[in-house]
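Asks: Pasting a structure here, questions to come.
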6 protein chains.
Amino acid sequence: MTEIFQRPDGRAADQLRPVRFERNYTRYAEGSVLVTFGETRVLCNASVEEKVPPFMKGEGRGWVTAEYAMLPRATHTRSPREAARGRLGGRTMEIQRLIGRSLRAVMDLERLGERTIQIDCDVIQADGGTRTASITGAYVALVDALRKLQREGLLLDDPLRDSVSAVSVGIVEGTPLLDLCYDEDFRAEVDMNFVITGSGRFVEVQGTAESEPFTTEQLARLQRLALAGCARLDLAQKEALGDLL
Amino acid sequence: MTEIFQRPDGRAADQLRPVRFERNYTRYAEGSVLVTFGETRVLCNASVEEKVPPFMKGEGRGWVTAEYAMLPRATHTRSPREAARGRLGGRTMEIQRLIGRSLRAVMDLERLGERTIQIDCDVIQADGGTRTASITGAYVALVDALRKLQREGLLLDDPLRDSVSAVSVGIVEGTPLLDLCYDEDFRAEVDMNFVITGSGRFVEVQGTAESEPFTTEQLARLQRLALAGCARLDLAQKEALGDLL
Amino acid sequence: MTEIFQRPDGRAADQLRPVRFERNYTRYAEGSVLVTFGETRVLCNASVEEKVPPFMKGEGRGWVTAEYAMLPRATHTRSPREAARGRLGGRTMEIQRLIGRSLRAVMDLERLGERTIQIDCDVIQADGGTRTASITGAYVALVDALRKLQREGLLLDDPLRDSVSAVSVGIVEGTPLLDLCYDEDFRAEVDMNFVITGSGRFVEVQGTAESEPFTTEQLARLQRLALAGCARLDLAQKEALGDLL
Amino acid sequence: MTEIFQRPDGRAADQLRPVRFERNYTRYAEGSVLVTFGETRVLCNASVEEKVPPFMKGEGRGWVTAEYAMLPRATHTRSPREAARGRLGGRTMEIQRLIGRSLRAVMDLERLGERTIQIDCDVIQADGGTRTASITGAYVALVDALRKLQREGLLLDDPLRDSVSAVSVGIVEGTPLLDLCYDEDFRAEVDMNFVITGSGRFVEVQGTAESEPFTTEQLARLQRLALAGCARLDLAQKEALGDLL
Amino acid sequence: MTEIFQRPDGRAADQLRPVRFERNYTRYAEGSVLVTFGETRVLCNASVEEKVPPFMKGEGRGWVTAEYAMLPRATHTRSPREAARGRLGGRTMEIQRLIGRSLRAVMDLERLGERTIQIDCDVIQADGGTRTASITGAYVALVDALRKLQREGLLLDDPLRDSVSAVSVGIVEGTPLLDLCYDEDFRAEVDMNFVITGSGRFVEVQGTAESEPFTTEQLARLQRLALAGCARLDLAQKEALGDLL
Amino acid sequence: MTEIFQRPDGRAADQLRPVRFERNYTRYAEGSVLVTFGETRVLCNASVEEKVPPFMKGEGRGWVTAEYAMLPRATHTRSPREAARGRLGGRTMEIQRLIGRSLRAVMDLERLGERTIQIDCDVIQADGGTRTASITGAYVALVDALRKLQREGLLLDDPLRDSVSAVSVGIVEGTPLLDLCYDEDFRAEVDMNFVITGSGRFVEVQGTAESEPFTTEQLARLQRLALAGCARLDLAQKEALGDLL
């Protein structure tokens with residue numbers, strides 16, 4: 001590759017930041033994972049609730065949903081709390097809907113039975129990619145919560161149909177990059193997020209031209225970066241879960 | 001093409017619904033367009049306001065933003081008003097942010113000068129594709145508002161850098177389709193929205209696997225359908241604006 | 001009559017603006033009427049819901065209620081959406097309560113059975129008299145919804161006891177006028193709205209001295225103008241509904 | 001008069017309930033009046049604020065506005081506080097807008113100078129007619145606040161152009177009645193509120209057919225009752241203010 | 001005592017302001033008491049509701065809860081209504097939680113049976129000590145409501161285990177004072193509220209160093225003042241309720 | 001001491017849980033401390049903002065304020081987010097007002113200069129005593145933020161007048177205990193929180209009889225426990241800050 005743009009932390013264009021999963025980070029949640037993508041840290045807690053939303057009652061199917069928030073000082077300058085402002089912002093709603101859809105896409109909700117897995121993603125520190133880190137960590141917390149149900153005999157079949165992870169890609173000064181940190185994201189001409197299954201298929205594709213519309217060739221290049229990135233995240237998830245021999 | 005799925009209205013898989021733009025639909029807005037995609041009807045009003053949001057004051061640049069709403073009985077069953085519920089839903093916020101970004105992507109905001117174009121997209125009747133119809137109609141209303149400013153001598157340079165339109169694509173019973181109506185959208189395995197410039201580049205790409213993750217090949221096929229669809233929408237916009245010939 | 005004030009559109013003091021009803025304006029609502037009073041256009045959709053508010057459950061009576069909103073750019077300058085501000089304004093609440101009361105006044109709610117007719121009045125374009133146009137159009141939409149219930153055999157008796165329409169009157173530069181447009185309304189010393197049945201009786205009388213209290217004689221004159229105006233609106237409603245001859 | 005309906009408290013049809021004004025009821029407000037209409041008691045406080053709403057700044061004119069609330073247990077059964085529910089109800093908004101308009105109608109706002117008189121009407125006990133008692137008491141509080149400004153030399157000209165009071169009338173079992181108590185109001189076929197100046201002219205006329213539309217003759221009869229009632233209220237106000245002889 | 005600080009109304013440091021209870025102040029509430037501590041006046045209404053909050057249903061126990069509000073012009077300068085601002089402030093919430101806890105502390109909720117006593121404390125005029133006056137008056141209103149239930153045979157056992165009253169104490173210019181008025185409270189270095197039973201035990205102790213942290217000795221002195229003050233309030237409550245002799 | 005109650009973790013009645021302060025826990029906040037009291041963990045971030053609230057502008061004094069929140073799954077069962085419910089609860093408001101007052105009590109706000117220190121206390125895991133841990137940790141974060149200002153030359157004088165910490169005490173099965181964990185707190189007859197300066201004086205005293213009013217002797221015993229506990233917390237703070245020797 002003949003990249004022009006030098007990444008602030010010296011990474012190659014197709015290199016992920018260091019990724020880490022700390023399982024059982026808090027003691028009460030059925031699944032609790034602190035996920036780290038470089039300087040981005042998100043606490044992902046999975047709570048099992050033995051009920052479903054009203055509109056699903058009696059259908060025998062379960063539900064997976066997510067909420068997302070940033071601590072006020074997760075960022076360079078403090079942002080006001082949404083609780084204090086009395087309403088969720090549009091960005092927050094977009095992200096939490098995305099996390100929920102991504103996890104449901106790899107679940108067999110009938111096998112889950114009439115219960116809800118509620119995922120809370122709270123960003124402790126933000127350096128870009130909080131939504132992709134959230135999805136990637138939430139998957140690990142979800143698996144831990146499901147295994148706990150299985151150990152307790154409350155769940156017989158495995159409701160997981162696949163694994164799932166997410167990564168951001170973007171174009172900065174003409175260079176396609178994998179897993180953007182905040183400074184890169186801030187300067188990106190194009191910003192995309194991919195949610196991809198362990199089997200390499202797409203769950204979500206979201207791309208935005210921040211300043212310059214992009215071509216079919218650029219889209220193809222970003223897609224390849226994302227597929228490779230998620231393949232490595234999938235491996236890291238399996239390793240954290242002890243599923244690699 | 002050897003499609004299996006028969007579309008309810010007999011269209012070919014790569015065929016748009018009838019598209020129509022009624023300009024000057026209301027009398028006060030600087031640009032006012034009723035856009036029709038089949039049975040979907042959206043009123044797009046562009047209002048010029050000689051000020052910018054507080055965070056942009058004094059920078060000499062303009063702003064384009066959008067709001068989106070559905071009339072309560074635009075749909076088969078009535079939905080409660082968001083004004084009565086006291087807060088905007090996540091879907092509404094996602095859509096209005098998307099419309100705003102899409103229009104800004106083809107604008108030179110410095111040339112616009114320190115003023116705001118506020119676009120209101122109100123769905124009179126909904127049969128799928130309301131966000132793509134909104135973007136496509138809003139562009140025409142935006143052009144009308146800009147031309148009015150030019151006629152009045154308030155705007156010297158043309159702030160438009162390109163044109164923009166949007167279309168939905170999706171996979172229904174395995175068949176990739178262009179411009180889904182509500183019944184198709186409801187049954188789609190994959191649902192994507194593309195926002196594409198007149199020059200054939202991507203502004204927004206948003207794809208969601210509703211029930212089944214999708215492959216690289218399927219993504220490529222949907223992308224081609226969208227590019228062809230937006231090329232035709234671009235033509236229809238130019239025709240409506242009297243820019244052909 | 002020896003009027004001094006010349007109306008902007010050349011109308012006589014006791015003349016209505018052109019009135020039009022477009023039935024079946026949208027396809028999903030059980031009754032859907034676009035009503036036009038001159039440049040004022042209001043979409044009135046009647047939705048049938050097979051339930052009643054909690055406080056009426058089990059009493060065997062039905063309910064008719066209304067909501068009212070203006071599209072942001074229905075007016076000369078754009079007004080912010082009430083959904084975005086998170087609460088309904090006092091004017092909106094007053095108007096929607098008025099529309100609901102006016103329609104209930106001509107209904108036998110026991111005959112309606114335990115169901116709700118929800119009327120949505122959305123102002124597409126506003127040039128004065130939006131509340132009176134709303135009531136007048138809503139009545140036609142209500143009739144259409146009731147007839148649909150009758151055709152489907154869901155309603156045996158006719159729950160309508162009378163017809164109803166509404167008109168504004170006012171005093172401008174000392175001259176009593178019928179059916180004020182926005183410019184007249186803006187300059188009126190006195191502003192009144194009358195809701196009157198087809199049989200010529202009063203359902204609602206609301207008069208406000210905007211700048212100058214008014215006398216018994218002036219009130220009597222305005223009352224006569226309103227009675228004549230509503231008699232003509234009643235005819236126009238019957239004609240639109242195909243009930244003449 | 002040959003009335004059929006016997007009033008619960010034995011009053012004649014055209015008789016007011018006992019009316020009382022206690023001035024200086026609280027010690028901080030510039031005008032503070034507890035007004036009593038029979039068992040209805042409303043505390044009306046007038047506060048002077050040396051500023052006007054933003055939209056009036058610099059125009060040299062003053063403003064009079066009102067707020068209205070019921071204590072939760074002013075009524076037979078407790079009603080939830082609007083502060084706890086987080087929004088004002090439609091009835092509250094209607095009433096406070098009415099009180100404000102009624103007082104402004106007798107004021108010369110230019111003479112008031114660039115200041116606001118804020119009237120707070122808080123219902124201590126409610127037995128019908130709370131809005132008419134509020135207007136009638138608020139006028140006395142307003143006069144007290146204005147006189148205080150005059151005594152302090154802050155106001156040179158008298159901004160009052162007339163006095164104002166209000167009364168309810170209605171038809172119960174076919175009988176037109178003046179100043180309805182709650183039990184009468186509850187059973188009324190027609191319910192009207194009149195706001196009338198000391199000089200006998202109308203400021204507000206609001207009539208609603210609760211169950212039966214009413215005729216021109218009935219309206220005329222109610223109007224006469226109201227004119228006579230307000231004439232007596234005007235006298236009572238003057239007496240309370242020490243303006244008789 | 002060798003105090004330096006001269007109280008504005010000439011009271012001794014350990015002297016209460018004149019206290020008065022007007023029972024049956026309004027006619028609908030089951031208990032209705034206007035309590036006066038000097039210039040502070042609070043209307044305390046107790047309403048009996050034959051239901052409990054959802055989380056207590058079916059447990060056979062009752063509930064006592066309280067709401068607190070100030071009329072906008074209870075104070076020197078007008079404060080905006082919380083209903084108009086759409087949310088309760090922190091101070092209001094703190095006070096109403098305190099009143100509710102204080103009353104529940106002397107109640108046997110099982111003996112009350114599955115019903116709620118809702119206390120509304122509305123401050124008519126505020127000159128310091130509104131929360132302590134509220135608790136002290138609310139207790140009398142509560143007793144009246146319970147006695148009414150007993151007279152009607154709806155309550156067999158007495159659910160009261162003790163009586164309760166409250167008083168403020170504080171340190172002003174180094175002098176410990178009982179029952180502070182607003183001017184004293186405003187200048188206090190330390191501000192405490194004690195809620196104490198008739199048997200001389202503590203229900204609530206809340207002390208805040210407004211400007212200067214306080215010592216163990218000062219705390220002990222304030223505690224003694226409060227115990228003596230509440231002993232006298234207890235007597236005044238019993239006298240008002242006719243329980244002396 | 002002859003205690004009857006055996007503490008779940010075997011502590012003596014007057015023993016604190018293990019306390020730990022992790023400074024620089026996040027990277028952007030000017031002070032960032034993760035404080036641990038046993039299983040209770042609170043992240044305290046101090047943000048410096050070079051402005052003050054509007055009501056303090058131009059007075060040359062600074063401000064210290066705090067916000068408090070619990071992550072939804074900090075507790076045994078998940079609690080809904082206050083941001084999602086759209087309003088802060090009464091408990092949250094009480095706690096964040098308490099934290100702010102406690103810190104301001106040891107600050108010379110004039111020396112701080114016209115800037116705000118905003119403290120955010122976010123509970124990661126809750127096992128009782130979250131408000132006292134918050135105050136104790138917030139003090140350390142505040143010191144770190146002030147020292148940073150001093151190092152950068154933005155602050156010349158030390159605005160700290162004293163140090164401050166907080167601890168809970170309570171009576172469980174008749175036994176007075178220091179620093180209650182959740183299980184103890186849940187069963188406590190009396191629950192108190194003390195905020196105490198390094199010099200052993202009281203900033204806040206808040207005691208509540210949850211089920212049984214308490215005596216002067218019990219209050220004295222709890223006070224002694226709290227004084228001893230805060231003395232040890234003060235030492236731990238100094239040690240964490242490197243101020244011992």
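Numbering starts at 1 and runs along the chain as it is shown here.
Each residue, glycine too, has its Cβ placed from N, Cα and C.
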Asks: Figure out which of E:ARG87, E:ARG91, E:ARG104, E:ARG161 sits with E:GLY129, E:THR130, E:ARG131 in the phosphate site per TrEMBL.
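Replies: Of E:ARG87, E:ARG91, E:ARG104, E:ARG161, E:ARG91 joins E:GLY129, E:THR130, E:ARG131 in the phosphate site that TrEMBL records.
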Asks: Tally of helix, strand and coil residues over the domain 'Exoribonuclease phosphorolytic' (E:163-228) according to DSSP?
Replies: 19 helix, 30 strand, 17 coil
Asks: Across the listed phosphate-binding residues, E:ARG91, E:GLY129, E:THR130, E:ARG131, what is the farthest Cα to Cα distance, given in whole Å?
Replies: 13
Asks: May I ask you to report the DSSP-based helix, strand or coil state of E:THR130 (phosphate binding site)?
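Replies: Helix, per DSSP.
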Asks: Given the binding-site residues E:ARG91, E:ARG131, which one is most crowded in terms of C-beta atoms within 10 angstroms?
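Replies: When each Cβ's neighbours within 10 Å are tallied, E:ARG131 leads.
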Asks: In the domain 'Exoribonuclease phosphorolytic' (E:15-145), how many residues does DSSP call helix, how many strand, and how many coil?
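Replies: In the domain 'Exoribonuclease phosphorolytic' (E:15-145), the DSSP-based counts are 42 helix, 41 strand, 48 coil.
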Asks: I need the neighbours of the phosphate site defined by E:ARG91, E:GLY129, E:THR130, E:ARG131. Which other residues of that chain put their C-beta within 8 angstroms of the C-beta centroid, in sequence order?
Replies: E:TYR68, E:ILE95, E:VAL123, E:ALA126, E:GLY128, E:THR132, E:ALA133, E:SER134
